[in-house]
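Engineer: Before I ask anything, let me first share the structure, which is written out below as structure tokens.
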Amino acid sequence: MNAFALLFLIAGLGLIGWLTARARANRFDRGGAKRLHSLPGQHGMYVAMWTILPALLFVAVWSALSPGLIKQAVLEHPAAAQLPQFAFERDALLAEAKRVASEHAATAFDPVAEQLVAPTRSAQTYYGWMGTGVAILLAFAGAAFALTRVGAHFKARSQVERGVMVLLLVASLIAILTTLGIFLSLLWESLRFFQQVPITDFLFGTHWSPQVIDAADPGKSLGAVPLFWGTFFIGAVIAMIVAIPFGLMSAIYLTQYAAPRVRRWMKPTLEMLAGVPTVVYGYFAALTVAPAVRDLAVSFGYTYASSESALAAGLVMGVMIIPFVSSMADDSIAAVPTAMRDGSLAMGATTSETISRVLIPAALPGVVAGVLLAVSRAIGETMIVVMAASGAANITLNPFESATTVTKQIVDLLTGESEFDSPKTLAAFALGLTLFVITLLLNIVALRVVKKYREAYE
Amino acid sequence: MQKRIRRRYARERRFRLFGLAAVTLSAAFLAFLLITMVANGWRGFTRTDVALTIDFPASGMVVERTQLATPGADLALAGAGLENTVKGAAATAFGAGGEEFISESAWLRVREAIKHDPSVLDRKVTLDVPASTEIDQAVRGDGNAEVKAAAAKLQQAGALSRHFNMDFLYESDSTDPVAVGIWGALKGSLLTMAVTFLIAFPVGVLSAIYLEEYAPKNRWTDLIEVSINNLAAVPSIIFGLLGLAVFLGSWSLFGYQFGPLLPRSAALVGGLTLALMIMPVIVIASRNAIKSVPPSIRDAALGIGASPIQVVFHHVLPLAMPGILTGTIIGMARALGETAPLLLIGMRAFIVTPPGGFTDPATVLPVQIFLWSDEVSRGFVEKTSAAIIVLLVFLLAMNGLAIYLRNKFETRW
């Protein structure tokens, strides 16, 4: 049975359980008591909970388990003996048979796969009906159990509320499981990578050319230093040269000088810069900014200018980052008490002197934290560099030359045609782990800065 | 003394001017970006048509009329050599090489016309068919002199006309820039967003409720809190790696080898990955909204005998809902514009039929933009910009809705 139909069926059974229990609770003999502990609706919820949850849990487990069981059953079929021993080809044939059996494709191209269609289909039907049967049985069993417990003195409300609490707890655990999942999956794949390539070669090697990997010594062509440098150069140097002055001055102007009406319009306008999808920035960088930068370089007499320069990607990224810097700076300047500002002005300082000598020093932790978060954002930014930066790994200080970044390489390594276990693919996970750790550290430091150095004003 | 004061005032003016310049330049950049996109993109919504005269009786094409009313009509017309007939008609009408003037997909338009009115097969008719990319560009003043001259000749003969390109909204990806459309990508985006919302919203709101209202203050809840805050700042591409490794990698458990848990490049995987990405955004926004509901409301409800669960679900949650929805819409807008994680999980396939369900191969609007931006043909530049306009319109609408909700329901207690 298809999964949606099954889910609807279970939900329907839950609804019937709810209605039945509520109707029964309405007719409870109060036995002299003025009020019963639980409302009829709560009895209904209790039965519905017992009907739906166990069945749903089983469906979740079953949908993860059954593909393995189906595969096992197909492999035991006599026709499977013709399958090639090599795991990759074998999986491809099995997948083809599965596609035809589930009617996503009309016919199989390979005769062996064609022969496996019938066994796959029968295994799918067998395990599919088995799963459906058990799920429905569980729903009925749950409903029966709950209905026997429902009675005039049964505390349905406490039971239901305990169920809700469990649901809430599970929901909040998903967040921590995601973090753990990210970390473990990155770590797992990276460890497989470091079994093939020594970690020192990866972290300190200065030659990056994943397209041609020497099978005997893969570490030689997988040195990531040029990527780290390119990421730092584009994200933390060029982008910040644009973003910090623009962001900071915008925040100062909007908080200190601008008329309220101007501020009301300009602040959301600047924030729109952060809302534009990065693929749009990337397209803009590649189509408009990069050629302009190259022409500029040529007019400076720099003949080898690349149209995929670090400058073009960095400039556009800097513009994208402006609102991050400005809104953090805005918040922390606004948090400085007006008494301090008024005091400085009363002493005869001009507004600009007040800003640079009083407000900025007082707001500095917030500003620094904003810059750190912006850097972490910039080095994790992908689409702009994928579309506007080059794939050539250089260590250079010349902004007109091409540079590549960690994120661009991750995309390049994983979108090419290559098998899943090669050092090339696994290298992407090692890069991802490095990126994850660095951005995590930047965030932690930023939060620490804010916590530790924040002046507490009354 | 006077001089010094003058100098200080001059510096004050300069400083103020710098601030103004920073704001203006930032806004100017945004304006420049939008204007470039619109200037490039509005042409993507229009199309140049050529009036092509086809003499069907003279073409010698044999079509079974009875088949035209059946679902097999497309196949019958293709089998009868309609494509060549149309090309031949172009050569007859515009001279040798005339088939270069009409789009590769022009015969599809003729096919629709025949299906609409089979009687055209008995006469000589003039139909508007899409012009080729070269002619289309030449009309706008691009391309080489030869094509420009040809286009000018066509224009003089009154054969060219410009229309709003409805097909751009209805068609899917294609190799011919004249024939492409965004419907496939848009549908993929909508399916992906549906999955993202169905997972991220309930889980995000429920965990916000738990953390804000019930969680005991201990090491575990601190850990959950820290990891949610960190998740909000993890680069999006890392979520792509997670999706690739967890949903599409192979697993072994209890000796069983599992293939990929989910089909590659499907809206389901994309939606799950994006849901993990925006969940922290929703959790943080929901917590702030719940926190801003004053304690007196909780106390009042508790005072008349509500249980802690009833307090939250009957009183706190409805009051916090506008804030929660605002945060959710902002998170969904972020997911709608996201590209990098979806590239990693394979949603970059060339897809010509819109996805029919959550598990069909699909692509989304930002990825479609990325794919078109890689095409060298000049015609794709304006199609890319046109798709960007559509994406920006969606994003602006979502952000506008979020701002409207915030303003309408903002309550100061």
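Including glycine, each Cβ sits where the backbone N, Cα and C put it.
Automatic prediction, not curation, is the source of TrEMBL annotations.
These came from TrEMBL, pasted as-is:
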type: DOMAIN; residues: A:229-446; note: domain 'ABC transmembrane type-1'
type: TRANSMEM; residues: A:6-25; note: transmembrane segment
type: TRANSMEM; residues: A:46-65; note: transmembrane segment
type: TRANSMEM; residues: A:126-152; note: transmembrane segment
type: TRANSMEM; residues: A:164-188; note: transmembrane segment
type: TRANSMEM; residues: A:227-249; note: transmembrane segment
type: TRANSMEM; residues: A:270-290; note: transmembrane segment
type: TRANSMEM; residues: A:310-337; note: transmembrane segment
type: TRANSMEM; residues: A:358-379; note: transmembrane segment
type: TRANSMEM; residues: A:426-450; note: transmembrane segment
Engineer: Select the range from A:46-65, A:126-152, A:270-290, A:358-379 that forms the most Cβ-Cβ pairs under 8 Å with the transmembrane segment (A:310-337).
Structural biologist: A:358-379
Engineer: Quick one: do the transmembrane segment (A:164-188) and the transmembrane segment (A:358-379) have at least 3 Cβ pairs under 8 Å, skipping pairs fewer than 6 apart in sequence?
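Structural biologist: No, these stretches are not in contact.
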Engineer: Would you kindly list the residues that approach the transmembrane segment (A:270-290) from elsewhere in its chain, counting only those six or more residues past its ends and only Cβ-Cβ distances under 8 Å?
Structural biologist: 250, 254, 307-309, 312-313, 315-317, 319-320, 322-324, 326-327, 381-388
Engineer: Same chain, outside the transmembrane segment (A:46-65) by at least 6, Cβ under 8 Å from its Cβ: which residues?
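Structural biologist: Residues packing against the transmembrane segment (A:46-65) from afar: 3, 6-7, 10-11, 13-18, 20-21, 131, 134-136, 138-143, 145-147, 149-150, 156, 159-160, 163.
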Engineer: Sort out the residues at least 6 away from either end of the transmembrane segment (A:6-25), same chain, that have Cβ-Cβ distances under 8 Å to it, and list them.
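Structural biologist: Here the qualifying positions are 36, 38-41, 43-48, 50-52, 55-56, 59, 131-132, 135-136, 139-140, 143, 146-147, 150, 156.
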Engineer: Give residue numbers and ranges for long-range contacts of the transmembrane segment (A:426-450): same chain, 6 or more residues beyond its ends, CB-CB under 8 A.
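Structural biologist: Distant contacts of the transmembrane segment (A:426-450): 182-183, 185-187, 189-190, 192-194, 196-197, 202, 210, 222, 224, 227-228, 365-366, 368-370, 372-373, 375-376, 379-380, 406-407, 409-410, 413-414.
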